[in-house]
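Peer 1: Okay, here's the structure, questions in a sec.
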Amino acid sequence: MFSTIFTFEVTRWFKQPVFYIYCAIYFALAYFTTISSLGAFDGVTVTTSSPIMVNSPINVAGYFNSFSTFIYFLLPTVVGAAVYRDYLYNVHNLLFSYPLDKFKYLSAKFFAAIVIVCLIAILTVVGFYAAQYHPGINTSLLGPNRIEAYLSGFLIVVLPNFLLFGSMIFALVTFSRNIYIGFVFVLVLLLLQSVLDIATQNADNRYLVALLDPFGFQPITYYTKYWSIDEQNNNLLPLTGVLLYNRLIWSGLAIVILTVVYYSFSFSQQGFSFRRAKSADRITKNNFGSIIRIDLPKVAISHSFFSNLKMSWRLSNVDFKYVVKNWTFAILIIIAALFVLAIMSSSSMLFGTTTYPVTWQVLESMGGIYSFFLIIMIMLFAGMLVQRDQQSNMKLLVDSTSVPNWVLLFSKYLALMKMTVVVLFISMLTGIVYQAYNGYYNFEFGHYLYELFVLDYLKYLVLIGFALFIHGFFRNYFIGFIVCLLIVLGIPFLSKIGVEQLIYKFNNSPKYHYSDMNGYADIRHYLYYRLYWLLFSGVLFALTLLFWRRGILSSVKDRMQQFTMRLKPAIVVPAALSLIAFIGLGYSIYYVNNVVSTRYSNKETELQQVSFERKYKHFEKLPSPRLVSVFTNVDIDPKQRNFTAKGDFVYVNKTTLPIDSLFMGINSSVKTNIKIERAIKKSQRDTVLDVNVYQFEQPLMPGDTLRIQYQLTNLSNTFLHDRSIILENGTFFNNTIFPILSYADHLEIDDNSIREKYKLAPRDRMADPRDSSKLGNTYISNDADWIDFEAIVSTSADQIAIAPGYLQKDWVENGKHYYHYKMDSPILNFYSFISAKYEVKREKVNGKNMEIYYHKGHEYNIDRMMASIKKSLGYYESHFSPYQFNQLRIIEFPSSHGTFAQAFANTVPFSESIGFIAKVDEDNPDAVDYAYAVVAHEFAHQWWAHQVIGANVKGATMMSESLSEYSSLKVLEQTYGKGQMRKFLKEALDNYLVGRSNEKLKENPLMFNENQQYIHYNKGSLVMYAMSDYLGEEVFSDVLQAYIKKTAFQYPPYTTSIEFVDLLKQHTPDSLQYLIKDMYETVTIYDNAVEEAEIKPLKGGKYEVSIDFKVSKYRTDDKGKRSYEDVKGSKLSEKMNAKDKKAIESLPLKDYVDVVVFGEAKKQGKYEVENPLLEKRVKIDRIKNRLTFVVNQKPISVGVDPYNKLIDTDSDDNRHTF
């Protein structure tokens, strides 16, 4: 019986066209995704490049996981419908009358369905494999195909998940006799996957999250998260530990579910229901016995347009009630709301600290979640409404009425519009509830209503029309849903095949962004695109009417005949008008984008980079004048969003050679007029690459001065492009708007695999610091050293304009407010201009003016930020050098500019979203006061950048970013103690390890980093803090003081990381010299772990603590390949236990490692903080170690390097809890 049912089920699928449609869809999905990753479309888009092979084991597992996610949507129709189909086609009464074996019946149904989905999954594997032989791909992106990689991916990821989720959906649909519950469950799965991703980002116990992940990808990530490039390319998935336990647990649950199905299933008529059965009395009625005569009223049926419109509204009410009373709708809404509330706080969290739930951020945080649900609900319920008549066996009756097709269709459109309003309203309530729960009551109802019911609502109107069109075209509801889903999800991938303009991407539009300071700014471009797609939706509505199924249609030929018959003016004329308007507006958009404005595709931009280097590379070695003085007059008009900047720039030939030609790079985001006060023999303007080249009649001799006057104006806004850099409130731009007189090597392609394609010489991202010819520029500017700076900035009377320098005077004239700033000493060629309506907090600290300019309503952390300024000033002046300025200004700017802070001379623009709305809990030991820390970091740049600035070579950012991060850590530590250091260092370690795993080119040691943020920020903060801890804070401060004294305000040749490290070596004892080698000069990784620990009570309330732990380390090359041997070829090798088959290897050890014993946590407000009973730094010279200590209190846990001072890829095993 099993084989009969099994064979029948499989054969039935093989006879269904839908099976081959599914196979074709998923094969094509896998094939085209893979060839895109292999550069098949490089001819029309940017060159594909990656150090990770496309067919590496980790990538194969990733592809399996991605494709499986799409296949999960087939589980309800294939696995869930296995038993349900017998009820759907009313064969269950006949079938269940036979003496069926329940086990064989259910198991045959289930495993036949699993075989079908596995076959479809295998087709994706075939597509992935076949794509590797597609002509024109980049074969350098392929490694060896390893059959074990494919087998492990399928057996670890795909098959267990199909069995688990298939059994769940099989049970749900079998008992409920409702296939839609299967789709709801798939959505829950997708959301659960997102929740687990978020939980992993913030969870201290990654092991538990990995163990509980039903998808199996978190346990894979648990082992592979920190894999280097080399490990990702070569290592197979480790089927061990938590990954093995995870797969066994969830496979076991699948067996349990199937067992429950077996014992609970019965061959009965009715499915399981939550509704309580009601007893009813039998009543016999004579319905017609008393009727003698009936006089029916005469009804005059009106078919006028307005009557039909009313009918559409009334029918829509029926459909709307059907939707909102459907339990599927209720479940989805509840899940969406719970999901939003669960992740809202973590979405805006940084270093454990969240923000105040201001309305714009609440909308931003929950918008993506509700949007996802609403898109799915529209696609789901559009199909349900289109198929409703068919499934209720009322279709022929409805089709026989005189109701026009457009009434039936429009009523469903209206019903979905109403459903959308309900969902958006619930999302608004969710946001308000979340705000109120967190004690925030500035709800801004107008903001909610405008964004949700105007801006967002427009895109859903288009989607409703699209979903109705797809479901009206396809007879099969499930195919319609899958097609909708694939089209919507596939739109973002069009860029990979060179389709980049939004007019070709269905229902796409430019993004809008709200900030408290500047509101929505100009969103005309957004509204025009929405109108464009609404017109297209009108065309789709007409096509849906033409293809609308009415009556009995048995073939495509019948539908095409019906299509032709319906081509009447009532449909054709509105459709034609909508189409003409759609094409007309589309042409206007295209014209503005490509003719009025200059637009370059990503491929064209790449080719321009190649052309730029080929045409102008020789200018890099030619002498050029250096900027020495800047005087600017900047006129800002916030209301009209215009500006004019006049610059009087003075240059000097500081070289020993005459300069006969001038290279000038122009910023294309502004209009630039140039007046050179020197006779020009010849000029050349390259409008494509934005380069001007001038040839002087008389060379500029050494020591000669060159004056150039610039006049800049903004590009005018179009109805599509917000091209002005001026905002109505919160303008912020810097000196990059002005031309530069040097070749910009950062515009070159830095990926050597792409350079090889264009026959360009290999290069590093930055020059070698040992090349003395490259030490003539700072990494801030290639055409200036230190400059004199003066600026007059005007703005509207109600705003404050700010630039670096001391305010000489301000005045109001002709409705404009003028501010005159001037520096009393040279600064870097790095300055900014800011204008906005500000409240100002001012204090004098040690005779210096400290000011914070902030948006009214953002007072939350002003006192905290001022406290950070005071603390930082005290620490930096006492540990580094005197502060060179008499003022510091923190200036808030809109989040639409970005989420960052940036340090100019005595001026620090600071995003509203990075500290001004932070909700700091000072008592929480796991939450870093990042508003305080960021202020300290940016203030530190006044020393580490604005006093000491590195040459534009590898390692330059170590002296600016790494030392600024270290400085802020010390200020944070002084204020909050060492408790917050563990949280900060742990996150810094995690971010560094993730960053090296995602490295696109190569990882460099800290002192040779190429402006790699995960190195100079994250690793840099760890290394500097650890070095200070090992040497002692005072010794490390002596190094920094000596370095500043030697290099502050220097002119070329500029300092390098080599100079800093050499100085550090002089202050480091011989016993700790290995730290410089490990931390600065190489990439060295530790593998420390507590193997076992035990405690033994002693007399007098004391305890003996014994710890068995391992310490090992290795070095990696720039791709992450490990090496355990030092330069002499020496290494350590040792087994932890006699039973171990493989010994642990390590570089030779003479290392000092912290060992800490912790007691019962202490109370700090409502939180608990760690209580170290003993902290000891011990010297380690072997891998296997055992130490014994005596402490005065009962230990709770022990740790080896518990504060994450050493770089360890698995720091979770550094602690052991008793």
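Even glycines carry a Cβ here, placed using N, Cα and C.
According to TrEMBL, the protein carries these features:
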type: TRANSMEM; residues: 20-41; note: transmembrane segment
type: TRANSMEM; residues: 61-84; note: transmembrane segment
type: TRANSMEM; residues: 105-130; note: transmembrane segment
type: TRANSMEM; residues: 150-172; note: transmembrane segment
type: TRANSMEM; residues: 179-196; note: transmembrane segment
type: TRANSMEM; residues: 327-347; note: transmembrane segment
type: TRANSMEM; residues: 367-386; note: transmembrane segment
type: TRANSMEM; residues: 415-437; note: transmembrane segment
type: TRANSMEM; residues: 449-470; note: transmembrane segment
type: TRANSMEM; residues: 477-495; note: transmembrane segment
type: TRANSMEM; residues: 527-548; note: transmembrane segment
type: TRANSMEM; residues: 569-592; note: transmembrane segment
type: DOMAIN; residues: 868-1068; note: domain 'Peptidase M1 membrane alanine aminopeptidase'
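Any idea what these are sitting next to in the structure?
Peer 2: For the transmembrane segment (150-172), same-chain residues at least 6 beyond its ends with a Cβ under 8 Å from one of its own Cβ atoms are 57, 60-61, 63-65, 68, 71-72, 75-76, 79-80, 82-83, 110, 113-114, 117-118, 121, 125, 129, 181-182, 185-186, 189, 214-217, 220, 236-237, 239, 243, 247, 250-251, 253-254, 257-258, 260-261.
Non-local neighbours of the transmembrane segment (179-196) in the same chain are 69, 72-73, 75-77, 80-81, 84, 165, 168-169, 172-173, 209, 212-215, 217-218, 328, 331-332, 335, 339, 342-343, 373, 376, 380, 384, 481; each lies 6+ residues outside the stretch with a CB under 8 Å from one of its CB atoms.
Listed by sequence, the residues of this chain that lie at least six past the ends of the transmembrane segment (415-437) yet keep a Cβ under 8 A from its Cβ atoms are 316-320, 322-324, 329, 333, 336-337, 340-341, 344, 357, 359, 362-363, 366, 370, 373-374, 377-378, 381-382, 385, 443, 448-449, 452-453, 456-457, 460-461, 464, 467-468.
Outside the transmembrane segment (477-495) by six or more residues, the chain places 18, 21-22, 25, 29, 33, 36, 45, 70, 73-74, 76-77, 183, 375, 379-380, 382-384, 386-387, 463, 466-467, 470-471, 504-508, 602 with a CB less than 8 A from a CB of the stretch.
Using a Cβ-Cβ cut-off under 8 Å and counting only residues 6 or more beyond its ends in the same chain, the transmembrane segment (569-592) has close neighbours at 406, 501, 503, 528-529, 531-532, 535-536, 538-539, 542-543, 545-546, 718-721.
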Peer 1: What residues in the same chain, six or more past the boundaries of the transmembrane segment (527-548), come closer than 8 Å to it by Cβ-Cβ distance?
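Peer 2: Residues 405-406, 408-409, 413, 458-459, 461-462, 464-466, 468-469, 472-473, 502-503, 506-510, 559, 563, 566-567, 571-572, 574-575, 578-579, 581-582, 585-586, 589, 719-720 contact the transmembrane segment (527-548) from elsewhere in the chain.
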Peer 1: Do we see three or more Cβ pairs under 8 Å linking the transmembrane segment (61-84) and the transmembrane segment (20-41), pairs being at least 6 apart in sequence?
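Peer 2: Yes; at least 3 Cβ pairs under 8 Å.
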